[in-house]
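Chemist: Got a structure for you, questions after.
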Amino acid sequence: MAAKKNKKQKREDYRAAMKQDDVLTMPRKKFYRQRAHANPFSDHQLVYPPHPDQMDWSTLYPAYVAQEESQPEATPSSTTEDLSAPVKVKRLTQDVEVADIGCGFGGLLIALAPVMPQTLVLGLEIRVSVTQFVEDRIKVLRRQNEESKAYQNVSVLRANTMKFLPNFFRQGQLSKIFICFPDPHFKARKHKQRIVSTTLNSEYAYAVRPGGVVYTITDVPDLHGWMVQHFEAHPMFERVGVEEQEGDPCVEIMRNATEEGKKVERNKGEKFVALFRRLEDPVF
C-alpha cells in the first residue's frame, strides 16, 4: 500500500514540476498513464460553453488573441456556474479549423503543426492524464521554439465530443476532422459507444464546411467497414477516391505520426484508411 502511495506521489510531484515556466525537457509518458478507454456516457464533470461564441480560446492559443477593444461579454462556460453572471471572452484573430477527435498523446497534433503553420489545430481528449500530457508537451515545444513561434497553432482540450461537439464549433467552422484509431468497442452492445454513427456523423456534417474532409484510420477491419458504411450512408458525405486520398499529405502523417499508428507498425499490422468529403448543402 505504501509503495502504491509512493508511486502516486511521484506522479503528482512530476506533473507539478512540469508546470514550472522554465521546464524545457519533454514530459515522460510513464507519469501520465491512464486506462486506454473511457466511458463517453459517464458524467466526467466537464466544463464546456453553452454556445461556440461563448468559448474562450485565449488560454489555448495565446499568440492568436485579438486586440482588447473588440472583446464582447458572454456567459460562463460551465453547467455548474451562475449563467446570469457575464464573463469576458477573449476572441482570437482566427478560428480553429482542424480537430483531432480522441487525440491520445498528441502525435498527430505535433506532426501537423509545422505542416499547417497558419491553421489552428485542436486535439480533443476525454482522459484527464492524457490531456495533461499533451498540454505539457505543447508547452515545452513552445518554450523550445520561442524564437520561431512554432507550435503556437496547436492545442488540446479535455472534452467529450460524443456529447458536446456542437458546443465548441459553429456550423461549417472546421475544414478537417481526424478520427485516428478510435476504440473499436467490439461487443455489439457497445457499438453505441463508437465515435462514428448515424447521429454523430450528422454532427460532423454540421461542424465541417462543404468541401471539408473527415479522415479515418484504424487497424481493425470490422471497424473500418463500420465507418465506411455509416459515412457512405450519410447524405452529406461522399468517400474520397483512392488516388486523391493517397495524394493528400495529411494521410501519410496520419498513418505514421500517432502513437497507435507506430504501435501497429511495430507489430507489422495493417492500417485501413478512408476519407469522406462534406458535400454542398442541398438547395431547396
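A Cβ is built for glycine as well, from the same backbone N, Cα and C atoms used for every other residue.
Sharing the features that TrEMBL gives for it:
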type	residues	note
ACT_SITE	Asp183	active site
BINDING	Gly102, Glu125, Ile126, Asn160, Thr161, Cys180, Thr258, Glu259, Glu260	S-adenosyl-L-methionine binding site
Chemist: Just report the maximum Cα pair distance in Å for the recorded S-adenosyl-L-methionine binders Gly102, Glu125, Ile126, Asn160, Thr161, Cys180, Thr258, Glu259, Glu260, no decimals.
Modeler: 20
Chemist: Which one of the recorded positions (Asp183, Glu260) has its C-beta surrounded by the most other C-beta atoms within 10 angstroms?
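Modeler: Highest number of other Cβ atoms within 10 Å: Glu260.
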Chemist: If I restrict to non-local contacts, at least six residues apart, and a C-beta distance under 8 angstroms, what lies near Thr258 (S-adenosyl-L-methionine binding site) in its own chain?
Modeler: Gly104, Gly107, Leu108, Cys180, Phe181
Chemist: In Å, rounded, how far does the Cα of Glu260 (S-adenosyl-L-methionine binding site) sit from the Cα of the residue listed as 'active site'?
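Modeler: Between the alpha carbons of Glu260 (S-adenosyl-L-methionine binding site) and the residue listed as 'active site' there are 11 Å.
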Chemist: Note down the number of other Cβ atoms within 10 Å of the Cβ of Thr161 (S-adenosyl-L-methionine binding site), including every protein chain shown.
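Modeler: The answer is 25.
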Chemist: Between the Cα atoms of Thr161 (S-adenosyl-L-methionine binding site) and Asp183 (active site), find the distance and write it as a whole number of Å.
Modeler: 14
Chemist: Where the residue listed as 'active site' and Gly102 (S-adenosyl-L-methionine binding site) are concerned, what is their Cα separation in Å, rounded?
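Modeler: Just about 9 Å between their Cα atoms.
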Chemist: If one looks at the chain holding Gly102 (S-adenosyl-L-methionine binding site), which residues at least 6 apart in sequence have a CB under 8 angstroms from its CB?
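Modeler: Set apart from Gly102 (S-adenosyl-L-methionine binding site) by at least 6 residues yet with Cβ under 8 Å, we have Leu124, Glu125, Ile126, Thr161, Ile179, Cys180, Pro182, Asp183, Ile195.
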